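Visitor: Quick one: the structure is below, questions incoming.
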Amino acid sequence: MLPRYHSPLAQVLIMSFVCFLCPGMFNALNGLGGAGQLDTHTTNNANTALYATFCVFSIAGGGIVNVFGVRYTTALSCLTYALYTGSYIYYNDTGNGVLTIVAGCILGIGAGILWTAQGVVMVSYPADAEKGKFISIFWVIFNLGGLVGGVLPFAINFYHSGSLTDSVYTLFVIFECTGSIAAMFLIPPSRVVRDDGSHATIVAATNSAHREWLEVLKMFKNKWMLLLLPMSFTSNFFYGYQFSQYNAAIFTLRTRGFNNLMYWSSQIIGSYALSLLLDFSKWSRRNRGLCALTCMAVSFNAVWACTFVVQRRYTKGGQNTDYPGGPIDFLESSRASGPIALYFFMGMVDAWYQNIAYWIIGALTGDARITARYIGFYKGIQSMGAAISWQISAQEVHYMHQLVGNWGLLVISLPTMVYTILQIESHALDDRLLSSPYTQHNDSSIFNDHFEWSTLSHAEAEAAAASVGSGIPTKALMKQNKHEDIIL
């Protein structure tokens, strides 16, 4: 049975399909190392340019999405993926990487806005009890894009040892243009209604560009965004090392495609497994979050420890790698099984990290407008880290130094993630207010004028919920109380 078109599930499925066709295909190319090129230098520089503009337009993306809406911003953003992929056809023919680097800059603009819109749909539409499931649904479908995108170059280039052919890039461009069309089926957040009849978000009275710009600037002094800076910076930083200094460094081209299948498959498996824990109703939200974070932290550290062992065996990559025996082919089972299995688990722990990051942000607020700003800020800092990471790769910094840096950033990010999860307990009042007619005309009923957090005791929460029906302004019942554990 198909879900209602205006339901959160239907909208998450549409956004998932869009990301399957656009960021999913981009991940498939990037995961090959060098976007399928034997020389990764141009792609590393293009990724640096991409993530630099991605950083700026992610932070601004919350305001842009709130002003222009989810549908049109997503549709236009998808076209920037097609432009970037198409630039490699020109690069294959001319060997000139200027267009690819410029296209990377433009893609950064589109990607920053698209991922902000995606975050709004994924974490603000579902009810609290379903956030883990919806994040998992998105992550599974999105990573199917990387999986399918990995199959194509693997099959087409099975007997081809050079860079990807024009036909592969052309096929990817068609997929990405289709994603732009699919984005036109998205609807505004105000029209999304959950199965229990509650609204997915508070409907704002106005969406002025000036107000949005001011609210975006306030993110730089927001307590939660500052606490989560290490998490945001780290969350994509390791891609540069994993894709270029590991996958592209010690494997043949067709094995890099095979590894892509392993990497994105593991993300699908990992996302589904984690969702079962994040939505386990017998535990409190806080305990679920802490347990998930513990599993991720232990597993990620184990992966980096194993990577350290492999990294000690080589200092340079590509066709001239000094890895014992030369580039690894997946048919050489005795040499390939261990490094390929490690790459599989790299993908799994990456999925756990990303899912937990989105889950934490989704637990902070149920307002789609504020979620847009939070996600935009998160993606902006994430992209700043990625830009630095890819430039480090382009400058060919010693591989072992890159590994240690990545491992250190992971460890640094964990304490503030733990602290934030410890502050999370319940958002039941938030959901009740979303279902009321009062909040559909007064978007300040939960947050004060500066969008700072307010805390209520259980008795105050019940009184606030009752006040909605009686017409008493909810703000009049809200006060600061540092000793209570309901966070709105």
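Just so it is clear, glycine is given a Cβ too, placed from its N, Cα and C backbone atoms.
Whatever TrEMBL says is automated annotation, not expert-curated.
In case it's useful when we look at the structure, here is the feature table from TrEMBL:
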TRANSMEM  12-29  transmembrane segment
TRANSMEM  49-68  transmembrane segment
TRANSMEM  97-125  transmembrane segment
TRANSMEM  137-156  transmembrane segment
TRANSMEM  168-187  transmembrane segment
TRANSMEM  224-241  transmembrane segment
TRANSMEM  290-310  transmembrane segment
TRANSMEM  340-361  transmembrane segment
TRANSMEM  373-392  transmembrane segment
TRANSMEM  404-422  transmembrane segment
Visitor: May I ask for the residues of the chain that lie six or more residues beyond the transmembrane segment (340-361) and have a Cβ under 8 Å from a Cβ within it?
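Guide: For the transmembrane segment (340-361), the sequence-distant neighbours (Cβ-Cβ under 8 Å, at least 6 residues beyond its ends) are 119, 122-123, 131-132, 135-136, 139, 143, 228, 231-232, 234-235, 238, 242, 246-247, 255, 258-259, 262-271, 274-275, 278, 289, 292-293, 295-296, 299-300, 303, 306-307, 310, 328, 330, 371, 374-375, 378, 417, 420-421, 424.
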Visitor: How about the transmembrane segment (290-310) and the transmembrane segment (97-125): do they have 3 or more C-beta pairs under 8 A, pairs 6 or more apart in sequence?
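Guide: Stretch pair does not touch.
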Visitor: Between the transmembrane segment (404-422) and the transmembrane segment (224-241), are there at least three Cβ pairs closer than 8 Å, leaving out pairs fewer than 6 positions apart?
Guide: yes
Visitor: Sequence-remote contacts (6 or more beyond its ends) of the transmembrane segment (168-187), Cβ cut-off under 8 Å?
Guide: 5-6, 11, 14-15, 17-22, 25, 28-29, 36, 70-71, 74-79, 81-82, 85-86, 88-89, 92, 121, 149, 152-153, 156-157
Visitor: Using Cβ atoms and a strict cutoff of less than 8 Å, what residues sit near the transmembrane segment (97-125) while being 6 or more residues removed from its termini?
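Guide: Counting only partners 6 or more residues beyond its ends, the transmembrane segment (97-125) has Cβ contacts under 8 Å with 8, 11-12, 15, 18-19, 22-23, 26, 41-43, 45-62, 64-65, 70, 73-74, 76-81, 83-84, 86-88, 90-91, 131, 134-135, 138, 186, 189, 192, 194, 200-201, 358-359, 361-362, 365-368, 371-372, 374-376, 378-380, 383.
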